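Record features (TrEMBL):
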type	residues	note
DOMAIN	A:88-381	domain 'ABC transmembrane type-1'
TRANSMEM	A:21-40	transmembrane segment
TRANSMEM	A:84-112	transmembrane segment
TRANSMEM	A:133-151	transmembrane segment
TRANSMEM	A:184-203	transmembrane segment
TRANSMEM	A:215-241	transmembrane segment
TRANSMEM	A:261-284	transmembrane segment
TRANSMEM	A:362-381	transmembrane segment
Amino acid sequence: MSEKPQVKSSPSFFNNPRNRSIIYQLLLLFGLGYFFYSIISNTLANMEARGIQSGYDFLFNTAGFDILMSLIPYDATNTYGRTFIVGLLNTVLVSIIGIILSTMVGFIMGVAHFSHNLLIRKLATAYVETFRNIPLLLQIFFWYFAVLAALPSARQSMSLGEVIFLNVRGLYFPGLTPEGGASVVYAAIAAAIIGIFVLKRWAKKRQDDTGQQFPVLWVSLGMLFGLPLLALIVMGFPFAWDIPYLKGFNFRGGITVIPELMALALALTVYTGAFIAEAVRAGIQAVPHGQTEAARSIGLKEGKIMKLIIVPQAMRVIVPLLNSEYQSLVKNSTLATAIGYPDLFTVFVGTTLNQTGQAIEIVFMTMAVYFVVNMTISFLMNRLNSSVALTER
Amino acid sequence: MKRLTSVIATGLALGLSFGAQAGTLEDVQKRGSVSCGVSTGLAGFSQKDENGTWSGLDVDVCRSVAAAVLGDASKVQYKPLTAKERFTALQSGEIDILSRNTTWTHTRDTSLGLNFAGVNYYDGQGFMVSKDLGVSSALDLDGAAVCIQAGTTTELNLADYFRANGITYNAITFDTSDQTRAGFESGRCDVLTSDQSQLYALRIGLKDPSSAMVLPEVISKEPLGPVVRQGDDQWFNIVKWSVYAMVEAEFMGINSANADQAKSQGNPGQQRLMGVDTDSGEKMGISNDWAYNIVKQVGNYGESFERNVGQGSPLKISRGLNAQWNKGGIMYSSPVR
């Protein structure tokens with residue numbers, strides 16, 4: 001019997017690993033699809049059987065309730081759909097404020113950890129250890145019910161020059177109403193911002209070519225404030241002051257920052273700031289000390305070492321951590337409901353859900369919003385991450 | 001968090017229960033207790049004392065249903081719910097009855113898959129202000145900050161009333177009535193608005209109750225009553241007639257003290273209510289002495305009222321609209337026969 005060399009014949013269709021894996025994946029996909037299909041169709045059938053309305057028609061019905069704070073015009077005659085937008089904008093507002101302020105606090109506290117001054121260093125440690133370890137809800141209550149609620153009543157407001165007022169109802173400061181010629185001022189601001197970008201590129205090119213440095217920061221600041229100021233003077237201040245005044249029970253006019261927003265933004269800032277401080281500390285510590293020594297040996301000043309050597313390398317560690325801190329902050333902002341700040345969760349999952357009873361639709365929409373917002377943050381932070389990533393040449 | 005849990009529970013329950021309309025009565029009998037949704041704490045209506053015992057006008061509805069179905073008024077499991085959680089908890093089957101000072105409105109009755117099983121308190125929305133505000137009418141409240149509980153009819157009435165009268169206000173919305181009271185006390189708002197009965201209850205909870213007053217205006221009709229799921233008519237009937245039985249007993253002059261006497265030697269109407277020579281219970285799938293158990297263990301409507309919110313309570317609310325129809329009120333039971 002002669003051993004025939006095994007000819008590499010193609011295995012049967014089902015034994016082919018490629019086909020097999022495709023079949024298994026198709027089966028899984030089909031199974032998953034059927035699972036979700038049966039959940040959704042069962043839900044709809046059961047809701048119908050129980051006489052519960054479903055669908056998104058309610059978004060076009062009149063809401064009939066008022067909302068404390070809105071960035072767009074809103075009153076009780078608007079629709080439930082608009083309450084969604086109002087809540088969404090309020091969520092975005094408190095998130096943006098929280099992200100900006102907590103980043104500032106976090107970077108300052110993170111860098112302060114390396115200060116040569118013992119007091120500053122201990123202060124930074126105490127800050128992180130205190131606020132990182134206390135539940136956020138408790139901190140929100142602290143700011144709202146202990147700190148802000150202790151402010152004086154409207155009639156005994158604290159005031160700064162009779163134009164800015166602070167009381168238990170909030171912070172009131174003058175607004176500006178644009179008059180004819182205001183557009184020139186806006187144009188000046190835009191021109192200043194564009195000018196700064198141009199200046200920066202020019203200064204970098206000049207430094208690359210000649211090695212000479214240009215004081216970009218000071219000139220930029222000068223442009224940012226100088227140009228609009230010039231426009232203001234030329235146009236004869238085309239704005240009217242809208243100064244808050246006490247009438248009846250409350251202040252009217254001007255711009256009001258409600259205490260709910262202040263308490264929530266403060267709590268989110270202080271809480272998330274502590275985590276960001278730790279991220280910054282970790283990032284700086286990840287840069288080997290040799291880098292600093294090398295920078296010193298070529299004669300860079302301390303400030304330049306931080307800016308040119310340490311921070312760019314630390315950012316590689318910090319940015320991914322920041323990403324998750326920012327996402328947590330957005331999700332944590334739903335705790336607004338505890339103090340009645342009208343964010344998406346309070347307004348839409350709270351009042352709108354209860355007035356309409358459309359629980360599934362509303363919860364689904366809200367989950368989708370937080371998903372999209374956090375994916376956006378993630379996208380932006382990933383862009384930032386790739387720009388600070390180690391460039392290998 | 002609890003709200004989210006119950007929403008998810010609704011989703012799961014609706015999604016996975018394959019349309020089976022379980023008989024609530026059988027569930028309750030099997031479990032041996034009635035699961036009843038009440039408020040998180042509202043003096044006079046549903047509140048928990050230091051021993052963990054619930055009492056109140058709304059609690060008495062739960063107790064009377066337990067007495068009717070299980071023969072023992074104490075076999076109730078209480079589930080405290082905020083205004084925002086209540087309907088989802090009922091829809092999902094987490095509770096059998098919602099008895100939580102809930103206003104009977106058209107939208108709630110027709111679009112939530114729920115049925116209102118009668119009225120156990122006729123209320124109306126009012127305003128509470130601090131006395132040193134110097135306000136005597138709600139029409140003086142232009143520009144006021146108003147504290148309010150989220151997810152209530154109150155929110156809608158408030159918007160209607162201020163808009164109709166062309167006055168402005170800021171609504172500050174809290175989750176629980178305790179938080180609205182805290183907001184009112186801290187001066188965050190000038191006015192607290194709620195159903196009048198709640199205003200009296202909240203006023204007692206203030207550090208200095210005499211510093212606040214309730215304005216005379218009543219701006220809405222708020223018939224409060226127990227709610228059940230739609231599609232289980234047997235259970236709906238039991239709850240509805242448990243509420244009626246208390247009102248009917250008061251009308252007939254039967255109370256917890258003389259229930260035995262009424263059963264043995266009362267007039268035919270009284271005896272029939274107490275379960276003598278009748279199949280009134282069987283028709284609902286429960287024992288015929290259901291109403292006797294209610295009156296004996298919980299009392300008639302008048303007793304319940306006086307004990308919880310009337311003269312026997314710190315609230316001292318007068319009967320008003322909630323008196324019997326022949327005593328100047330509108331409490332009226334369909335005849336039990």
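Using the three backbone atoms N, Cα and C, a Cβ is placed for every residue, glycine included.
Note that this is a predicted model, so its numbers are computed, not measured.
Away from its own ends, the transmembrane segment (A:84-112) comes close to residues 59, 67, 69-72, 74, 120-121, 123-124, 127-128, 261, 264-265, 268-281, 283-284, 322, 325-326, 329-330, 333, 336, 341-348, 352, 365, 369, 373 of its chain (Cβ-Cβ under 8 Å, at least six residues beyond either end). Contact check: the transmembrane segment (A:133-151) against the transmembrane segment (A:215-241) gives fewer than three Cβ pairs closer than 8 Å, residues 6 or more apart, which falls short of the contact criterion. Away from its own ends, the transmembrane segment (A:215-241) comes close to residues 163, 174-182, 184-185, 187-189, 191-193, 195-196, 199-200, 203 of its chain (Cβ-Cβ under 8 Å, at least six residues beyond either end). Within the chain, the transmembrane segment (A:21-40) has long-range Cβ neighbours (under 8 A, six or more residues past its boundaries) at 14.
Here the transmembrane segment (A:184-203) has long-range neighbours at 213-214, 216, 219-220, 223-224, 226-228, 230-232, 234-235, 238-239, meaning same-chain residues at least 6 beyond its ends whose C-beta is under 8 angstroms from one of its own.
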